[in-house]
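*Asks:* Before I ask anything, let me first share the structure, which is written out below as structure tokens.
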């Protein structure tokens, strides 16, 4: 029977389906929603069914899966050496050698220079501000952004992303630094004051607080970079797929609350110890309210003035970004104005405001990470590495797709890994791509990675010449800059209604991750989000949608009878769809919902046995004196159907428990005279059934490539039975 396009049935989807199927009808078929539940399954019996021959497909020849041969083949391929392979390996690891010789100077240079300069100008104040978040001196933030920009220029494959400091990673680094400083016996309250000096910070016997802080930060950065390079080498970038958009969004928002909380003390001019560990957000607010009377009025006024300037200007930049050739570098203007006001007004001497202090020029001698610290920070570096590469890879792929080019995910992991490993020897902390700066970079005309070189040149100018001029800059200004840059993450709450309409499960994941990241800790929040997301995936497959199917008139299409009306149910056959993999988690639910929608063969068999026993008690003897044998199969009323067709199109895979469940279901139904047919099994499911010996050699005809084929087979086989049985059983409903 072919699908008729000229005279289609007037059917439409059900208005409100609570139900049992997530499939929708194919295009060209209109299904009318069902208004009332259908209690009578057998209301339609189409006639003149077209009988077509069985479909037989010849499987492809399978490749040899011998593990030993596979390993030997891979080793032979890896150990082969030629000039071409060496060239490809070098060019693959250093993408700059591929694209730089082809650089179109006339076409790209203007956009790259403009975007690089603008991002560099924006990075200067953010690098200084985020250094406080990471528990470091301002100079180290400038080092970090400088080296990251240069290294990604050499190793990166994305033309648009901006790699440098990222607030969430700075927060995570800062928590580790504070913990190790406390263990080492440094006075964090005293260290939060203005007594910061980088002169002669390393001696033969001692290392001051700022020295030890960057040692911890660079060690964590080194370990995180090693993890990221290892992920690229072993090609385990798939780990990032477990960080869904909802999970990452909730994590960033929750961590943003922690960042905001950590900056409040700078806005108020309070000298408070930085809380770390579980419940740090609540602990910090308790410290703030207990010391609110000690607020430095000068810092408070400065913070309010900076907020009044930064917030409106940032909103104007966002609203008119399509009309502005470049965003207004308001942060740089604020820093310059605040530094001048603090210097000439002598705010530190008169009012005791907290200032950035001495920022040296030039570069410090390289220093290796502290190998003795690695065992203590190895676990902390795992979350930092995963978050860093997940954000970098996702942003690079997003902008590559937008601009029509490709990036290599594994090479991106190498790039971000070495952006952490190499700078860790030069007093730097962890970096990754950042969305806000990437958007600025793209909108200002960035064409290639050359833009990163221009950004590095701006930072180099600051490091060599301008940095000491920020001596009088108030830390409250840096705190305001950090908080204002969180507005994007904190404004995600306005997207929740739309997220709720699209997916309630994703919204719950977002809330759970956000609350755990904010109220417990960032690391535990990330772990909680991942575990809860995986639990939600299991939950979705534990009790999935299941329904009985009916035939769309004048077609070979079957759809859910609970979702659509005017579907035709064939007498004597029930078609069951299960929308999930069949495995150990949902095997019992599969049986229960199948029995509920058809019949429970175990109960039917028990009823048959009881009826047989009663009949045996009333046994009769034939006139010839020979006792009749009581047939169990004829000792009960005929069942209303003879065949169950299980639609396996939505069953992605089977495990051992799933195969045993199908065997058990088939055995139970056959015991009461009902045959079970499987239809639309994908090749993976067919292979699992073959390995699990679901069918014997003479039973392979019980697997069908379409539901309609299975239904036709069931009708034909039943008709043959009825021809051999006078007054055969009636399979119509009462």
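Yeah, the Cβs are placed from backbone N, Cα and C, and that goes for glycine too.
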*Asks:* Write down the single range among 331-351, 352-372, 415-435, 478-498 that appears in Swiss-Prot as transmembrane segment.
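*Replies:* My reading of Swiss-Prot: the transmembrane segment range is 415-435.
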*Asks:* According to Swiss-Prot, which of these ranges is transmembrane segment: 54-74, 75-95, 138-158, 159-179?
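*Replies:* Of 54-74, 75-95, 138-158, 159-179, Swiss-Prot gives transmembrane segment for 138-158.
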*Asks:* Give the range, chosen from 29-49, 113-133, 260-280, that Swiss-Prot lists as transmembrane segment.
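*Replies:* Per Swiss-Prot, the stretch marked transmembrane segment is 113-133.
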*Asks:* With Swiss-Prot as the source, which of 214-234, 298-318, 550-570 is set down as transmembrane segment?
*Replies:* 214-234
*Asks:* Tell me, please, if the transmembrane segment (453-473) and the transmembrane segment (379-399) are in contact, taking contact as 3+ Cβ pairs under 8 Å between residues separated by 6 or more positions?
*Replies:* no
*Asks:* The domain 'STAS' (563-714): mean pLDDT?
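*Replies:* Across the domain 'STAS' (563-714), the average pLDDT comes out at 82.
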*Asks:* Hey, does the transmembrane segment (113-133) touch the transmembrane segment (237-257), meaning at least 3 C-beta pairs closer than 8 angstroms, sequence gap 6 or more?
*Replies:* no
*Asks:* Taking 3+ C-beta pairs under 8 angstroms (sequence gap of 6 or more) as contact, is the transmembrane segment (138-158) in contact with the transmembrane segment (379-399)?
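*Replies:* Yes, the stretches contact each other.
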*Asks:* Using a Cβ cut-off under 8 Å, which residues of the same chain at least 6 positions beyond either end of the transmembrane segment (415-435) come close to it?
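*Replies:* Apart from its flanks, the transmembrane segment (415-435) reaches 134, 136, 140, 143-145, 147-148, 151-152, 155-158, 161-167, 169-170, 172-173, 214, 217-222, 224-232, 363-364, 366-369, 384, 387-389, 391-392, 395-396, 488.
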*Asks:* Which residues, given as numbers and ranges, are at least 6 beyond the ends of the transmembrane segment (113-133) yet have a Cβ under 8 Å from it?
*Replies:* 139-142, 144-145, 162, 164-165, 167, 170-171, 174, 259, 262-263, 266, 326-327, 329, 331-332, 334-335, 356, 437, 440-442, 444-446, 450-459, 462, 470, 473, 475, 478-479, 481-482, 485
